[in-house]
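Now, the feature entries from Swiss-Prot:
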BINDING   Arg53, Gly54, Ala55, Arg93, Gln197, Asn248, Lys249  substrate binding site
SITE      Cys158  site 'Transition state stabilizer'
ACT_SITE  Asp238  active site, proton donor
Amino acid sequence: MTFSAVQSEIRPVQWNGHTCVLIDQTVLPGIYRTIEIRTSDQMATAIRTMIVRGAPAIGVAAAFGMVLGWQEAPQGDPITHLERVAATLRATRPTAVNLFWAIDRMLTVARRDPSFARLEREATAILEGDIATCRAIGEHGLLALPAAPERLRLLTHCNAGALATAGYGTALGVVRSAHRADRLERVYADETRPRLQGARLTAWELVHERIPVTVLADTMAAHVIGRGLVDAVVVGADRIAANGDTANKIGTCGVAIIARHYGVPFFVAAPWSTVDLNLSSGEQIPIEQRDSEEMRAIEGVALCPQGVEFYNPAFDVTPASLVTGIIVESGVYAPGELAAAGQVRLGR
């Protein structure tokens, strides 16, 4: 496809006053299309089916799902209806904590100031705040990258870019900042089975911005890192426990183990809203199990014989001991520093 129909800046979630417009990420890179979301149930379906995906992006989408829910509410008892909408949205994706953070924030506002205008402003603030947050993550991440070589080769897993956020991205925010500072030689993007977010989405974003990218089969990461072709690994996150254990797309932990073995720094880039200080470790992070059809076939073409069984967790947990640094909008922290910094941020 050409990029003539694509905005210069990728915005996966947009609000037009009474409906929400999403980039349909299930059909990229071959087709670029948007879908208009008119109801809260449609938004829940879009999140569950990964039309919109990525922890920050589904938080933003859920916030506007709550605005849509308010529009649907019967007169006289909108809060009860909104609580039902919140429950439906919460049930869509269990691992990404940004979803719950955004819904709780919207409910708090609705109970304090129950009006459409106030909810719309809050959802818009979540969207705009996420873009600013991602840009800050990008700048902090740039400073955390190795000083040498001057032009870096970075490896990433899955898609933690503009498509996974309100715009700019977390891990790809670091990539974009490095590119703009002329410190980026190349990105290696793991294809990220089974849904191929690296091959389909990360590569699409980077080609769109003319950033050099090489797609790898997931099984190639050890070979490429071991041959000295990678200077640092930067990934996103769907939930980070207080001790720095990080849930991210399945396969991330394996990349972290490889990076540690070969002495390559491994960074996690995510907003503070992804950090769950209520969980002491990654053992408490719920791991979403997805449909076996994602592994059985690609675009209807069977990959395995009939009769086999599938195990399809969407995420794994990378132990904090394998993480060099966690890049958030306020700076870069060693995993052991995260909880204290989070408590200070909350004023506790």
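Any Cβ shown, glycine's included, is placed from N, Cα and C.
Residues Arg53, Gly54, Ala55, Arg93, Gln197, Asn248, Lys249 make up the record's substrate site, and a Cβ search at 8 Å around their centroid adds Ile58, Ala96, Cys158, Asn159, Ala160, Ala164, Gly236, Asp238, Ala314, Phe315 from the same chain. For Lys249 (substrate binding site), the same-chain residues that are 6 or more apart in sequence and have a Cβ closer than 8 Å to its Cβ are His157, Cys158, Thr192, Gln197, Val235, Gly236, Asp238, Ala314, Phe315, Asp316.
Cβ-based neighbour count (10 Å, all protein chains) for Arg93 (substrate binding site) stands at 23. Within 10 Å of the C-beta atom of Arg53 (substrate binding site) sit 27 other C-beta atoms, taking all shown protein chains into account. Residues Arg53, Gly54, Ala55, Arg93, Gln197, Asn248, Lys249, recorded as binding substrate, reach a greatest CA to CA spacing of 17 Å. The number of other Cβ atoms within 10 Å of the Cβ belonging to Gln197 (substrate binding site), over all protein chains shown, comes to 28.
Gly54 (substrate binding site) counts 30 other C-beta atoms within 10 Å of its own C-beta, drawing on all protein chains shown.
Neighbours of Cys158 (site 'Transition state stabilizer'), defined as other CB atoms within 10 A of its CB across all chains, total 28.
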